[in-house]
Each structure stands twice: as C-alpha cells, then as structure tokens.
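Taking it in order: structure first as structure tokens, then the write-up.
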C-alpha cells in the first residue's frame with residue numbers, strides 16, 4: 001500500500017504541474033468559458049455534474065481515512081478527527097450546499113466532470129490515507145500544545161468563511177438578475193448573467209474566492225503536516241534522477257496537504273488570470289482598472 005500511496009502522490013503532483021502551462025492555452029469548458037471553449041463534446045447539466053464530480057472527494061476521503069491503510073492499527077487521535085472534520089465540512093459546502101444555492105449554472109462539457117472525478121478520487125484518497133497514517137498521528141500527537149496548529153486552524157476558518165461570503169456575492173448577482181428578468185443581459189448563454197462584483201475583497205481582486213480557498217488550504221496544511229523541506233542537494237542531477245525514477249524517493253517530505261495546496265494554485269491561477277482578462281474585455285472601462293487578479297495588491 002505504501003508503494004501505491006507514493007506513486008499516486010508522485011504522479012498527482014507531476015501531472016498537475018505538467019498541466020499548468022496547458023491551462024493558459026485551453027479554457028476548461030464550463031462557466032463563462034463554456035460556449036467558446038476549445039473542447040466541445042457532450043454537454044451535461046451544470047449543477048448535477050458538479051455535485052457528482054465533487055462528492056467523489058469526501059467519499060474517497062472517508063473510505064481511506066476509515067480503512068487507514070498506513071495507520072498501523074493504532075487508532076485515531078482527536079487532532080486527526082478535527083482535521084478530518086474540516087476536510088469534510090469544506091466538501092459538504094462545495095459538493096452539496098454551494099451547487100444547491102446556485103440559481104443557475106452553465107452546462108458543462110462531459111470532459112470537466114470526468115477530469116474532476118479523477119482529481120477528486122486521487123486527492124480525497126491521498127488525504128484520507130495521510131491523515132489516518134502513523135506519520136500524521138505522530139506529528140499531531142502534541143499538536144494542541146503547538147501555536148502553529150491553532151494558526152493553521154484559524155487560517156482555515158478565515159479562508160473557508162471568505163470563500164463562502166465571496167461566492168455569495170456572485171450568487172446574489174445572478175439571483176437579482178433572475179428575479180428582475182435580466183438574465184439575457186451580459187450573458188454567455190440563455191439563463192446566465194454576469195456583472196461586475198463589488199464588496200469586501202472584490203474591491204481589490206477579481207477572484208477573492210480563489211484567494212480565500214488558498215488561504216484555507218494553506219492553514220490546513222500548516223495544521224496537518226510539517227512544512228516540506230528542500231535543500232540545494234535536492235536539485236543535483238543524481239537527486240533529481242532518483243526522485244523521478246523512484247516513487248518512494250519523490251519529495252519525501254511533500255505530504256498530501258501541501259500537494260493539494262500546490263495543485264490548487266497551478267490549476268486555479270490560470271483560470272483566474274483568463275477570467276480577469278474576460279472581465280476587462282467584457283466590461284471594458286466599466287471594470288475597475290486597479291483590481292488585481294487574485295492576491296490583493298500583488299497578483
């Protein structure tokens with residue numbers, strides 16, 4: 001099981017990094033990019049396909065956490081359960097509550113849920129295996145006495161709340177448009193409506209919901225796992241050769257919580273960048289020119 005875990009950890013990381021430059025060239029066919037996407041095959045209901053692909057992550061997480069294949073049958077600590085609860089709370093909102101609150105959602109190309117299911121199967125399983133592992137148990141054994149644990153939990157709460165609040169601003173735009181019968185204005189397709197969002201971090205960036213989600217998972221990683229260590233020796237030809245040829249030797253200190261954070265950034269930033277350009281093109285001079293893409297004042 002250790003070999004499979006390390007192989008999934010390795011290729012989930014490498015595969016996501018390899019996709020990073022591609023996502024600047026190809027628009028994922030959902031949301032505002034659905035109609036003019038490069039990929040165009042079978043279209044599915046946006047809400048249902050979202051629920052199906054996102055529910056995979058908590059199911060795989062719960063199964064692998066319960067089975068605890070790397071846990072050495074030592075049982076769970078309260079700290080492990082706390083972090084498992086945070087992961088499941090996030091996906092309760094993401095997979096169930098959020099799509100059910102959505103007044104409208106563009107149809108999604110079948111490629112999106114298929115890729116989403118693959119992503120969530122790997123991420124949910126890896127996270128469940130890690131959090132239930134003997135390694136996590138040892139690291140978390142005295143977590144309640146470490147300030148970094150509470151800092152991580154605090155950041156998770158702030159990020160989670162910020163994600164929901166900024167998503168609600170977008171949803172309220174669509175709710176108001178739907179109630180007033182304006183869904184055809186500034187729409188990418190019938191039933192969709194886009195306007196310039198304002199309030200909170202939308203005053204500074206186009207995608208504060210993305211930024212808040214990164215804060216959330218950065219906090220989770222701080223609380224759940226030691227910070228990955230990298231030395232100059234890691235970049236020697238011999239070390240790089242070993243890392244890429246042996247799954248067990250691939251970035252041994254890079255655990256699933258940190259992998260998830262890295263993968264989220266490399267998959268979400270290109271979409272935020274292209275979405276920011278879309279806002280500027282769609283609304284021209286009406287769009288606040290001082291807004292950054294995703295990180296206030298910086299990026």
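Every residue gets a Cβ built from N, Cα and C, even glycine.
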Checklist entry - Under TrEMBL, which of the candidate ranges 257-273, 274-290 is annotated transmembrane segment? => result 257-273
Checklist outcome for this item: Per the Cβ under 8 Å criterion, with at least 6 residues separating them from its ends, the transmembrane segment (148-166) contacts 79, 82, 86, 89-90, 93, 98, 140, 197, 200-202, 208-209, 211-224
Checklist entry - Could you give the mean pLDDT over the domain '3-oxo-5-alpha-steroid 4-dehydrogenase C-terminal' (110-242), rounded to a whole number? => result 85
Checklist entry - When the domain '3-oxo-5-alpha-steroid 4-dehydrogenase C-terminal' (256-299) is classified with DSSP, how many of its residues are helical, how many are strand and how many are coil? => result 31 helix, 1 strand, 12 coil
Checklist entry - Which residues, given as numbers and ranges, are at least 6 beyond the ends of the transmembrane segment (46-66) yet have a Cβ under 8 Å from it? => result 30, 84, 87-88, 91-92, 94-96, 99-100, 102, 105-108, 110, 112-114, 116-117, 120-121, 123-129, 131-132
